[in-house]
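Trainee: As annotated in Swiss-Prot:
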type	residues	note
ACT_SITE	LYS115	active site, N6-AMP-lysine intermediate
BINDING	ASP32, ALA33, GLU34, TYR35, ASP36, SER81, LEU82, GLU113, ARG136, GLU173, LYS290, LYS314	NAD(+) binding site
BINDING	CYS408, CYS411, CYS426, CYS432	Zn(2+) binding site
DOMAIN	593-671	domain 'BRCT'
Amino acid sequence: MESIEQQLTELRTTLRHHEYLYHVMDAPEIPDAEYDRLMRELRELETKHPELITPDSPTQRVGAAPLAAFSQIRHEVPMLSLDNVFDEESFLAFNKRVQDRLKSNEKVTWCCELKLDGLAVSILYENGVLVSAATRGDGTTGEDITSNVRTILAIPLKLHGENIPARLEVRGEVFLPQAGFEKINEDARRTGGKVFANPRNAAAGSLRQLDPRITAKRPLTFFCYGVGVLEGSELPDTHLGRLLQFKKWGLPVSDRVTLCESAEEVLVFYHKVEEDRPTLGFDIDGVVIKVNSLAQQEQLGFVARAPRWAVAFKFPAQEQMTFVRDVEFQVGRTGAITPVARLEPVHVAGVLVSNATLHNADEIERLGLRIGDKVVIRRAGDVIPQVVNVVLSERPEDSREVVFPTHCPVCGSDVERVEGEAVARCTGGLICGAQRKESLKHFVSRRAMDVDGMGDKIIDQLVEKEYVHTPADLFKLTAGKLTGLERMGPKSAQNVVNALEKAKETTFARFLYALGIREVGEATAAGLAAYFGTLEALEAASIEELQKVPDVGIVVASHVHNFFAEESNRNVISELLAEGVHWPAPIVINAEEIDSPFAGKTVVLTGSLSQMSRDDAKARLVELGAKVAGSVSKKTDLVIAGEAAGSKLAKAQELGIEVIDEAEMLRLLGS
């Protein structure tokens, strides 16, 4: 069994390691709750054995050393931390200690605030002008982040109003709203940049940039919650009064600050904020409870690292540690393949979590995740639990690499991942069980095969009863089988069969659109049909040949090529043709022989038309030898702009492409 000295040494070493990762490297390896637990364990041992307390123990200081890359600023008034409580019993004990220490019948009013999950900073104003800003650092010395703080729009560079002190040091939290955090990570995933585990890390990473121009691009904000240095003026004698004065001078203060007249009211505030937490739009990890009276604060004083008149009442942790037992792959309704971590069940924010999303192969690589790893799980609000980082220092020897599938785990079709896209997808859109309902609903829709009377509820039942597996099975349905569906009498069933029979006669463009090839909309389908003319020619086309079609680039060409390369898709198409699906033979139009101003031109329609439908306009243009594309590019010859034309019109003007309105189009069609 370890001696007390050994236990203390091990705890202090572990805490120092994690303080370094958190404060210096901005790369925490464990959640806050685990750090708090280790600190409580150390404090309890030191309380029982005060003779073993050392000056360098983590309990005897506030934080960690500042980053060496920044110059340092010494705090004239130390920036202390707060003690924490984690349950009602502990808070009520804190309340009693305050009442007992005051030794009077004087009532205590509490000022309650949100405990923001960001980076604590101090900002010094001289004669109302911002002159410096620093991080907390070790509580005595912080990093000089003046240039970066000046880029935060919420922080005034000059205070306004009356009676502004000659020197005023305000303290508060710089943080990143959730919407901004999500955008930063979205951009990082797209460009291959650093992805942050949570908004707090993103805020710290943004504020500790050596180049202020990078900080300026991050949507950081700030709430003020206290004061350090004060010279040349007086402030109100209550904490809330001071916050309201700061607000008058132009400093942002949270609108959730609330006065509570009793411990019971504090508990009501705590639970109300906990309930509202998912809708705030930014991360908090508890509430801060402060004695409102400055006179009472002075009476209560401080301990070594924290005031006796304030406490942080923390919420149940949103992050916990557990082990990855396996990684499985789910297929979504659009064919997207998502890796899911199967976890050793753990309670996170009051919910038992056994699964967590891993997003995609890039995310697994970024995390360096292996099966068997110890990981940190985060669950914020209603967000699906996710793995935020791996505890590499505790990786087991028998951990296994995660192997991303090359074939769909549902149908066995090839997995496609287009260059530049993070998501891998199943190419078996016509046979994949995971995509079945959505692909069938698309196939029968009005702009595709246009099967009258076959709505979503009928498709749902057909799939659930396993009457239909592929689009070809639709044309094998009988009235007798359909009458087995809910609310489907003999007459309605026969109407559906008749509609299916009618739908067999279609166009090549509609048929291509109905197949649901990724990113092949109506315009692209029409372009492919017009260019290749026959299904056989399209199936045999290379990626290079496909890119010759107007509006088709490398990405769409890859999707089309991969779709027809999948044997299961070709088999379903053969079945559809065998069931009688057909379209007229192509009419070869030689643009040179057509006397029309549109002949041989690539045309784009944008905005709404008042004199004819867009479909009719497309049909007339194709008849007159035009190629109708869905987007504007350098290949575009002409843009027809209807009412409320948007980005396509702007791009055409930017590229110097000819633009005409609907009236001119009608005149030219008539000519």
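Cβ atoms are placed via backbone N, Cα and C, with glycine included.
Quick one: where do these features end up spatially?
Mentor: For LYS115 (active site, N6-AMP-lysine intermediate), other Cβ atoms within 10 Å of its Cβ number 20. The secondary structure of LYS115 (active site, N6-AMP-lysine intermediate), as reduced to three states from DSSP, is extended strand.
Residue environment of GLU34 (NAD(+) binding site) contains 18 other Cβ atoms, counted within 10 Å of its Cβ in all protein chains.
According to DSSP, CYS426 (Zn(2+) binding site) is assigned to a strand segment.
Confidence across the domain 'BRCT' (593-671), taken as the mean pLDDT and rounded to a whole number, stands at 83.
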Trainee: In DSSP terms, helix, strand or coil for GLU34 (NAD(+) binding site)?
Mentor: helix
Trainee: Which residue, of the binding-site residues ARG136, LYS290, has its CB surrounded by the fewest other CB atoms within 10 A?
Mentor: LYS290
Trainee: Non-local Cβ contacts of LEU82 (NAD(+) binding site) (under 8 Å, 6 or more apart, same chain)?
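Mentor: Same-chain residues close to LEU82 (NAD(+) binding site) (Cβ under 8 Å, separated by 6 or more) are VAL288, ALA306, PRO307, ALA310, VAL311, ALA312.
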Trainee: Quick check for the class: what is the C-alpha distance, in angstrom and rounded, between ASP36 (NAD(+) binding site) and LYS115 (active site, N6-AMP-lysine intermediate)?
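Mentor: ASP36 (NAD(+) binding site) to LYS115 (active site, N6-AMP-lysine intermediate), Cα-Cα distance: 15 Å.
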Trainee: Between the recorded positions LYS115, CYS408, CYS411, CYS426, CYS432, which lies closest to ARG136 (NAD(+) binding site), Cα to Cα?
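Mentor: With Cα distances computed to ARG136 (NAD(+) binding site), the winner among LYS115, CYS408, CYS411, CYS426, CYS432 is LYS115.
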Trainee: Sort out the sequence-distant neighbours of CYS411 (Zn(2+) binding site) for me: same chain, 6+ apart, CB within less than 8 Å of its CB, listed by position.
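Mentor: Result: CYS426, GLY428, ILE431, CYS432, GLY433, ALA434, SER568.
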Trainee: Beyond CYS408, CYS411, CYS426, CYS432, what residues of that chain have CB atoms within 8 A of the centre of the Zn(2+) site's CB atoms?
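Mentor: Other same-chain residues with Cβ inside the cutoff are VAL331, GLY335, PRO409, VAL410, GLY412, SER413, THR427, GLY428, GLY429, ILE431, GLY433, ALA434, GLN435.
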Trainee: Taking the Cβ of ASP32 (NAD(+) binding site) as centre, how many other Cβ atoms lie within 10 Å?
Mentor: 17
Trainee: Near the Cβ of CYS426 (Zn(2+) binding site), how many other Cβ atoms are there if near means within 10 Å?
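Mentor: The answer is 27 other Cβ atoms.
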